[in-house]
């Protein structure tokens, strides 16, 4: 990913979150070195996949979601190799930064994922963008949330299947200095209403980079980030209101309510990933009627290729 100056980052509102630096004693510094080397409790280990539901039904659907931070760069970093090995039934991508007429040819080589749908801004090359790739042809596909103010940046794809509706989203970042926080709040309200309407028709699966760490357990340094994009009271409240109003359940926290150090994003700065100084910004949210079908919700923290890692959902439908 090319380095961007502060001015450009503030304008586009997509500046990666930075962690506040704190002075460390020699003892603390040694502890940090040990943790970075994997000797402390800080690193997250993805447990073995659970491929049956609570009632014993075997998983029939595997969905993966990944903010790739640029399709072309992600492919160069062997992101497609991971997808081929993971072999999802549906793959959702965010921050593709690629218009549909410039999609890399390698995407056509993905085994089975022949039904491909893309959305990108019409006037901003190399910005935002989402993709949805599926083995099965959806019954219906639509783009955006039906409001002009929010449908200019290629952030949402909706795919309807027989037993559920899948929404993949790249939610707007409030930006460095919170320059887009007011816009983000308008988005949150409109998105919530949109999802509630969808959920009234069929059970809903929402996945993607939702650009908020919901609770303090969902980021490494909560105290230092309460005024930073992704952890403001307004964004956290908006997320909570969405969970209640639609309603939706956080699949990872449903299964792992107290699991700490489970993050999906790490800034490129300050060796954040090796120290696991991260944020959980990527989610699979489910209608409550789908919870009996939930087998597992995974964070593939060892998969490289972006400043986010992929997440995987198993359902027994």
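Each residue, glycine too, has its Cβ placed from N, Cα and C.
Features reported for this protein in Swiss-Prot:
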COMPBIAS  15-37  compositional bias 'Basic and acidic residues'
REGION    288-317  region 'Mitochondrial targeting sequence (MTS)'
MOTIF     8-12  motif 'Nuclear localization signal (NLS)'
MOTIF     63-79  motif 'Nuclear export signal (NES)'
SITE      308  site 'Interaction with DNA substrate'
Legend entry - Contact set, same chain, for the motif 'Nuclear export signal (NES)' (63-79): CB under 8 Å, 6 or more residues outside the stretch: 1, 86, 88-98, 103-104, 106-107, 126, 129, 131, 166, 168, 170, 205, 207-209, 265, 281-282, 284, 303-313, 315
Inset, instruction - For the region 'Mitochondrial targeting sequence (MTS)' (288-317), find every same-chain residue at least 6 residues outside the stretch whose CB is under 8 Å from a CB in it, and list them. - result: 1, 16, 44, 46, 49-55, 57-70, 74, 77-79, 82, 86, 88, 163-164, 203-205, 207, 209, 247-249, 251-252, 254-256, 262-268, 273, 280-282
Inset, instruction - On the DSSP side of things, how many residues of the motif 'Nuclear export signal (NES)' (63-79) fall into helix, strand and coil, could you say? - result: 7 helix, 5 strand, 5 coil
Legend entry - Neighbour tally for residue 308 (site 'Interaction with DNA substrate'), based on other Cβ positions within 10 Å of its Cβ: 24
